[in-house]
Structures are given as structure tokens and as C-alpha cells.
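Chemist: This structure is in C-alpha cells; I'll ask about it shortly.
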Amino acid sequence: MGTAAAAAAAAAAAAAGEGARSPSPAAVSLGLGVAVVSSLVNGSTFVLQKKGIVRAKRRGTSYLTDIVWWAGTIAMAVGQIGNFLAYTAVPTVLVTPLGALGVPFGSILASYLLKEKLNILGKLGCLLSCAGSVVLIIHSPKSESVTTQAELEEKLTNPVFVGYLCIVLLMLLLLIFWIAPAHGPTNIMVYISICSLLGSFTVPSTKGIGLAAQDILHNNPSSQRALCLCLVLLAVLGCSIIVQFRYINKALECFDSSVFGAIYYVVFTTLVLLASAILFREWSNVGLVDFLGMACGFTTVSVGIVLIQVFKEFNFNLGEMNKSNMKTD
């Protein structure tokens, strides 16, 4: 009786494990470490590129000739490579929100390189963003719901995901060819929407390339199909990155780098998590407590980002607040 019960329990555990694979603690730690470093590197890219654009405008030359702009571009490439490695190690919903750490880092860097203001509320926002990121790490799912190339192909052909991609493509065409030429230079949300919607392609493509590469490297029977899938995803990823790169630089030419970085994080993260939820179904392994924890963490990060940006023009510090309190007394 006991043996039969144990066998049944083992079978149930095996069946549950088929749909979700939990990476080893070492893999999770490594993936988180790479994601954190990548977010900091990515946080510096907008600032360095903006600095290069400003320097080039002063000289009356193209920013393509400025070494600081190229430093920011190289940093962006390094950050994206780091994200690719992180996505192959841990779930997307664990990596993407950590981009929040790049926002306060970029704001601090911008206060030195671009002389942008960072008052006491901005510093509080930096603290909240970091605290919210920790909450996200604690409550994010640690198991993978898609672990093979065959599962990935099945998810990619899911009617819900195909419908979502069609809507995204339609919105991108509308934004790029109609709205952006007329309103892009005056409305920051136009360029941010284009770059963020493209995240619906870049992040799932990156994750998919990692899964397909496993079959290719292990020379599985399905390696030929995996190679074709990998090439298609590489093409999608390459096109998405090129378009993103173009509109990020357009935005930096017209708007404050910190404001762009902050709003971009919130919109990009929201859309990427939506695309990942539809494609990879990683949220299916999240309980109510963890879901609420992630919602609170993301809200904390968003509030921190708002504090960094919305109140950046307010000229006050703790000394002035103490003086006003003394006068009141």
C-alpha cells in the first residue's frame, strides 16, 4: 500500500515537472547576477549616447563621429548580450523587471555627465526602485514552463500569441509610418511605444534562440528544424534591434535621457511581460501570494521612477526643508 502510494506520488511529481523545469540554485544566482550587471550597463547607455549627441551638436558634426556615443552603443551591445545569457538561464519574468536597476543608475550618472538634477525625492526614488526590484526577485517564478524546441514551436503557433503579434505589427506600422513622422519629435510616447512594442519580438526571440540552440548543440534528431527556427528568430531579433536602435537615438535627440529611460522601462517591461505571459505561460506557476508580491514590487519600482522624473525640476533639499520647519516653529 505504502509502495503504491509512493509510486503514485512520484508519478504525479514527474507529471508536474514536465510542464515546468526549475533551474539549479547556482543557475538562478548566475542568471540574476548577469541580469543585474546588464541592467546597470543598459542604464548607462542612454546617458552616454545622449552625451555623445550633445557633444556632436556643439561641434556641428554627426554623432556617429563621437567616441562617447560609440561607447554608449558598445555598452548597449554588451548589455543585450548579458540579457541574452540571463534569459537562457532563468525565466523572462525574473530578468525583465530587473531593468529597473538601470533607471536610478542612469539618473545618477546623468547628474554627473549631463548635469541633470537629482534632488532628495529623486534619491528616494532610486531607493524605492532598488527595493521594488528585490521584491520582484523574491516573488518571481523560478521554474521554466517551456524547456524544449518542440514546446516552443507549439507555443509560437498558438492562435492567441499569433493574434497578439498581428495586433503588435499593426500598431507598429501605424506608429512608424503615420504617427512618428508627424508627432514623434514632440511626443515622447511615440518613440517609446515603438521601442517597447518591439520588445514583444526581441525578448521572446532571445529566449527562443537559447532553447533552439540547445537542440542544435546536442545534435538532437530535431536539430535541423531547430536550426531553421533559430535562423528565423535571429532574423526577427536583428530587425527588431535595428529598428529599436534607430528610434532610441531619435528619442535621445529630442528628449531628456533620464525621462526617456524611466518611461521606457515601465512601458517596455509591461509589454514584454505581457508577451512572455502569452507565449511562455510562466505565470501559470505563480501562486496568489507571489503574484501580489510581484504586483507590489512593480508598483514600488514605478513609483520610484515617477519620483525620480516628475519631481526632478523641484529645487529643494533637506537643508531648505529644515529651515522652513524652523520658521514655522
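Don't overthink the numbers, they just go from 1 along the chain as shown.
Using the three backbone atoms N, Cα and C, a Cβ is placed for every residue, glycine included.
Feature annotation from Swiss-Prot assigns topological domain 'Extracellular' to 1-27, 139-159, 205-224, 281-290. According to Swiss-Prot, the feature transmembrane segment maps to 28-48, 67-87, 89-109, 118-138, 160-180, 184-204, 225-245, 260-280, 291-311. The topological domain 'Cytoplasmic' annotation in Swiss-Prot covers 49-66, 110-117, 246-259, 312-329 and is backed by sequence analysis.
For the listed features, I'd like the structural context: burial, neighbours, distances.
Modeler: For the transmembrane segment (28-48), same-chain residues at least 6 beyond its ends with a Cβ under 8 Å from one of its own Cβ atoms are 68-69, 71-73, 75-76, 78-80, 82-83, 85-86, 89-90, 94-95, 98-106, 109-110, 113-114, 137, 142, 248, 252, 257-258, 260-261.
Within its own chain, the topological domain 'Cytoplasmic' (49-66) has Cβ neighbours under 8 Å at 72-73, 76, 110, 113-114, 248-249, 252-253, 257, counting only residues six or more beyond its boundaries.
When Cβ-Cβ distances below 8 Å are used as the criterion, the transmembrane segment (67-87) is approached by residues 31-32, 34-35, 37-39, 41-42, 44-53, 55-56, 95, 203, 206-207, 209-210, 241, 245 of the same chain, each at least six residues removed from its ends.
On the 0 to 100 pLDDT scale, the topological domain 'Extracellular' (139-159) averages 74 in the predicted structure.
Shown for the topological domain 'Cytoplasmic' (246-259): DSSP residue counts in helix, strand and coil, namely 12 helix, 0 strand, 2 coil.
Listed by sequence, the residues of this chain that lie at least six past the ends of the transmembrane segment (260-280) yet keep a Cβ under 8 A from its Cβ atoms are 43, 46, 91-93, 96-97, 99-100, 102-103, 106-107, 144-146, 155-156, 158, 160-161, 164, 168, 188-189, 191-193, 195-197, 199-200, 203-204, 207, 248, 251-252, 298, 302, 305-306, 308-309.
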Chemist: Where DSSP helix means H, G or I and strand means E or B, what are the helix, strand and coil counts for the topological domain 'Cytoplasmic' (49-66)?
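Modeler: Its residues divide into 14 helix, 0 strand, 4 coil.
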Chemist: Quick one: DSSP breakdown of the topological domain 'Cytoplasmic' (110-117) into helix, strand and coil?
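Modeler: Residue counts in helix, strand and coil order: 4 helix, 0 strand, 4 coil.
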